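Structure, as structure tokens:
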Amino acid sequence: MSTTLKNAAHLSESAQVDSGSVQPFTRSQKIYVQGSRPDIRVPMREITLDVTPTDFGGEINAPVTVYDTSGPYTDPNVIIDVRKGLADVRSPWIDSRNDTERLAGLSSNFGQQRLSDAELTALRFAHVRNPRRANAGANVSQMHYARQGIITAEMEYVAIRENMKLQEARAAGLRTQQNAGHSFGASIPKEITAEFVREEIARGRAIIPANINHVELEPMIIGRNFLVKINGNIGNSALGSSIEEEVAKLTWGIRWGSDTVMDLSTGKHIHETREWIIRNSPVPIGTVPIYQALEKVGGAAEDLTWELFRDTLIEQAEQGVDYFTIHAGVLLRYVPLTAKRVTGIVSRGGSIMAKWCLAHHQENFLYTHFEDICEIMKAYDVSFSLGDGLRPGSIADANDAAQFGELETLGELTKIAWKHDVQTMIEGPGHVPMQLIKENMDKQLECCDEAPFYTLGPLTTDIAPGYDHITSGIGAAMIGWFGCAMLCYVTPKEHLGLPNKDDVKTGIITYKIAAHAADLAKGHPGAQIRDNALSKARFEFRWEDQFNLGLDPDTARSYHDETLPKDSAKVAHFCSMCGPKFCSMKITQEVREYAANQRIEAVDVDVAKGLAEQAERFKQEGSQLYKKV
């Protein structure tokens, strides 16, 4: 039910964390890897494995370390209170750079109005800090520091995070061999160092979305030479969902692996909802500011102004939004190119700006004021996510003149943003059939000079409403392999309705599979360790390890237990699919045991000799496949 002022209890008193989001994973523990200073503590999840059964040699299996986006929520040593928000992680790092000031209060007009409205007290997050801003004339972006040759704490943090204790895994004897990858020109090193991170950010090939007002953030990096990331969307609408439900979706989404979260709220109380989300988020938060700006003018796109939009940017930057989707590439001359499309303009932001351009017959004010926007971005270190407002909404419209015209403009805007040392990534489609996906990636790399690409799927067919997490997961895996840096998840409810918690989880797991498959295909160092460990556990019938090493242990365990629920089945050398007599892995073990007992190694020599004799006889008789008898 939607939160209203009439029935809302004081959220600052009543709000509770989602119980499912704070449960530790079975046989896992939160570990922290310390950096060069005591306050750089990088979280990871360590999965403890059982000893190999004596039938298979009785080997001790080292724990497996995996990337963890769940923040403090899965650390049993941390007391979670969503009413107070998460602990401050970054303030000491920001203070040490001595280039920001603490403001006396909010500087946006809208923010001040909301704060002074007593009727909103019931909904308001109670522990709001005064915002920071760059000192006059200063630039506080990670790109600016990188281009000055400075390795920030955030850069060191993400380097440690990306490596996931790879050296220790090798030393512990984990199977680290992996198939050779094909990276399509990416420059993936054998080890991620802080200096490599700095170089990639300075070059514009990677970004660390990290607003100076999002001090609860655990930094992460987005770029084609790093692990492929995924984004999950949340947000209320005019038709439903409360603030507490959106915070629950946030914590639930990051539990299952969402690297960033976009708040796409379009209903009431957008400002208050966003404050609760950011204060409780350990991952970067993105928004589409034009959505809130449109709410401020009652939904009339033609009434939007630069002044109102500017105030919205400042309002959100002071709350701590880490990246903004800005549809500055929707130019007046591109709008007619969409007229003959099957599905026209499907981006909400794109359609808003197209309507404004036509109503005023003027150029998009986001384009004409782009350098003004850059000034705001670098004062708070908000990253650009340059929106693809003309993305195709059906495979029939893929790779058309409107889409690629806008992409070329986004490349132009990227260079302007880089001139201001503002971190930038590029949004992409959409609906694209498989044979056209690589062209999208190649053109983006060319137009945008390798700025990180961030795509919605793409969906590879339009015939599967209710299953678009699958149609898009196919495209996501492909474009991730080709070089896309972040994949925006799609849930089963895409095109159908607002997703619930189960839909969020399904979308995230689907996209974690796609991202991981892309990492394997690119040959990212250490990407196959988890696969190898799970395969070994499967062959040795270590059922609990199979469950716990998977992306979704709960579902794997429940599927197994549907037919074999007893604890004794957890040590059985078969599952219900094949049963005890037809398990291929059990049969393989029996063959190995027989070979060992019968000294098959010696027999192999005789077999090879016999095969060689038969081959020579075949040649001597004329190499004829068939003979008359």
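Keep in mind that glycine also has a Cβ here, set from the backbone N, Cα and C atoms.
Among ASN233, ASN236, ASN440, the residue that Swiss-Prot places alongside MET262, TYR291, HIS327, SER347, ARG348, GLY349, ASP388, GLY389, LEU390, ARG391, GLU427, TYR454 at the substrate binding site is ASN233.
From the options 1-20, 161-180, 241-260, 541-560, the stretch Swiss-Prot describes as region 'Disordered' is 1-20. The binding-site residues in question are ARG391, HIS495, and the one with the fewest Cβ neighbours inside 10 Å is HIS495. The Cβ neighbour count for SER347 (substrate binding site), using a 10 Å radius and every protein chain shown, is 24. With HIS431 (Zn(2+) binding site) as the anchor, the candidate binding-site residues are ASN233, TYR291, SER347, ARG391, TYR454, and the one with the nearest CA is ARG391. The highest number of surrounding Cβ atoms within 10 Å, among the binding-site residues ASN233, TYR291, GLY349, HIS431, is found at HIS431.
Neighbour list (GLY389 (substrate binding site), Cβ cut-off 8 Å, at least 6 residues apart, same chain): HIS327, GLY329, VAL330, ILE345, SER347, GLY349, GLY350, SER351, MET353, ALA354, GLU406.
In this entry, substrate is bound by ASN233, MET262, TYR291, HIS327, SER347, ARG348, GLY349, ASP388, GLY389, LEU390, ARG391, GLU427, TYR454, whose most widely separated C-alpha atoms sit 20 angstrom apart.
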